[in-house]
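Input: a single structure, listed below in structure tokens.
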Amino acid sequence: PTPSCSSMKLQYTEEKLIQLFPQLFYQQPRVLAPKRRDVLTVTPWLAPIVWEGTFNAEILDSAYRPLNLTIGVTAFAVGKYTRFVGRFLESAEKHFMKGYQVNYYIFTDNPETIPDIQLQPGRRFVAVPIKKYSSWQEISMRRMEAINKHIAERSHREVDYLFCLDIDMVFYSAWGPETLADTVAAIHPGYFKVPRSQFPYERRSSSAAYIPDGEGDFYYGGAVFGGLVKKVYEFTKTCHMTILTDKANGIMAAWQEESHLNRHFLSHKPSKVLSPEYLWDDRKPRPPEIHLIRFSTVDKNYREIRN
Amino acid sequence: RRDVLVLTPWLAPIVWEGTFNRDILNAQYMQKNLVTGVVTFAVKKYWFFIEGFISSVNKYFLAGHQVNFYLFTDNPEQISHLQMAPENHLFVIPVQNHSQWQDIFMNRMDIISRYIHSQFQYEVDYLYSIDIDVQLLEHIGVEIIDTLVGTISSWQYTTRRESKSYERRTESQAAIPKGEGDFYYTASFYGGSVAEVYKLTRACFKGVMKDRENGIEARWHDESHLNKYLLYHKPTRLLSPEYYWDEEL
């Protein structure tokens, strides 16, 4: 963002862009009447945790739409995973950042198997060719490197914000500008009610993703992360470095890049956290705290797919 | 905190005791090597508050971090004996007094913006304007540091929008139409990045000048203009009334 007056100091990259909010009529926020009393809506480092009820979509849209942003999405559809692309894109067209320009970057080793999906105006599909690695773990771990390279080569010029999502998922409800921030992580649906001692962090001290007992804020899911494209570039690089370090030491973290992501976000806290509404697992029964499911896994046969 | 709103509808955090961990925030602040400034005015009889203010902010405001205090006063001789903590600096800037006390308050915005432009932008990253008749009773730390910060007024936080002290006369630049308004912010404690405070004070003073030309003065002076500004340029962080509590309540 460029300052409006000349000879002003350079802005720090952490600084938030102050938006002009147009005149809008909406219900007055009540200081003594929070809408969500059942869940934590702010982290101890004062980053918002986004749940239904905490934000007014209209207010946010009114500030973000005029900025003419382009939002990028990366997703990996390698081998048999290309079968998920159709549903992913169709549902994204209905629910993901409606009214904004979106570029879908689908990383794949077989672009011919991807169906032709009709996209809304202002939205683009880009197939990014990648190499298929031998094991699903390897494919998973190489995502950080691939995303990082692609940002440097292309997407930094095309998008303002980038979300890195799993492809075997479907959008069910709105995913909008309430998710935009410098660095964004999502709480894993399996671990939002358990104490940190039960988080599946990497616990071997020989790994670069090691998180000792007694530490940890949340368990973040590897299926959803993002932020300003420049920030995503930085942390995918860091995660890729720690992944390579482990490789050199002959160790693979418990949950692959998800472990490294958790290690990174422990030391470099995300500026916004998404509730499990944004990363749900349909196999789980829906608890009362989850009012709305926005993005969720597709039921699949893991053994068949990962072969 | 289940009893209070901790996030605005535009997802800005509202800072209350219990919502934050100062150690985590301190670690983040220190990584960035930041300097914060405080600007305050002690004109005419308000010289009386100088000692109390300076000694309490010196002890409780961002303790342990470098703070530059800019004191605008027409009584510079009142401060000669004040001792500052090693990381803090006190700059005394003499000003001329005006005929009516309101004039100082109306001109604060102008003075602040001019000094940001000529001096403060080179010396601090974040700047806060705090009224001199304030005594800190507890630590105020880096939880207040953000790009544009307003404090919810303790007088107003339980009232409905209609009875808030917004300027309502459409002839004033500070007018907020009925049916609009998020919170009532106090002009006694606001701030943010030096660039954003510059824009805010410039915009408010422009409104003040326009009103003067039109022969009108906003109901609560520069506070009315501040509220108008923060309605359309929503703060990125709000401070709860814990951060400015009027003893008379």
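Backbone N, Cα and C atoms are what each Cβ position is placed from, and that goes for glycine too.
In TrEMBL, annotation is done automatically, which means it is predicted and not curated.
Listed in TrEMBL for this protein:
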ACT_SITE  B:Glu223  active site, nucleophile
BINDING   B:Phe41, B:Ala42, B:Val43, B:Tyr46, B:Asp131, B:Ile132, B:Asp133  UDP-N-acetyl-alpha-D-galactosamine binding site
BINDING   B:Asp131, B:Asp133  Mn(2+) binding site
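What TrEMBL annotates, mapped onto the structure for a quick look.
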| residue | record | DSSP (3 states) |
| --- | --- | --- |
| B:Phe41 | UDP-N-acetyl-alpha-D-galactosamine binding site | strand |
| B:Tyr46 | UDP-N-acetyl-alpha-D-galactosamine binding site | helix |
| B:Asp131 | UDP-N-acetyl-alpha-D-galactosamine binding site | coil |
| B:Glu223 | active site, nucleophile | helix |
Across all the protein chains here, work out how many other Cβ atoms are within 10 Å of the Cβ of B:Asp133 (UDP-N-acetyl-alpha-D-galactosamine binding site). 13
Where's the emptiest Cβ shell within 10 Å among the binding-site residues B:Phe41, B:Tyr46? B:Tyr46
What residue among the recorded positions B:Asp131, B:Glu223 has the most other CB atoms lying within 10 A of its CB? B:Glu223
Longest CA-CA distance among B:Phe41, B:Ala42, B:Val43, B:Tyr46, B:Asp131, B:Ile132, B:Asp133, per record bound to UDP-N-acetyl-alpha-D-galactosamine, angstrom: 11
By CA distance, which of the binding-site residues (B:Phe41, B:Ala42, B:Asp131, B:Asp133) lies nearest to B:Glu223 (active site, nucleophile)? B:Asp131
Have a look at the binding-site residues (B:Ala42, B:Val43) and report the one with the fewest Cβ neighbours inside 10 Å. B:Val43
Check each residue in the chain of B:Ile132 (UDP-N-acetyl-alpha-D-galactosamine binding site) that is at least six apart in sequence and keep those whose C-beta is under 8 Å from its C-beta; list them in sequence order. B:Thr40, B:Phe41, B:Ala42, B:Tyr46, B:Phe49, B:Ile50, B:Phe53
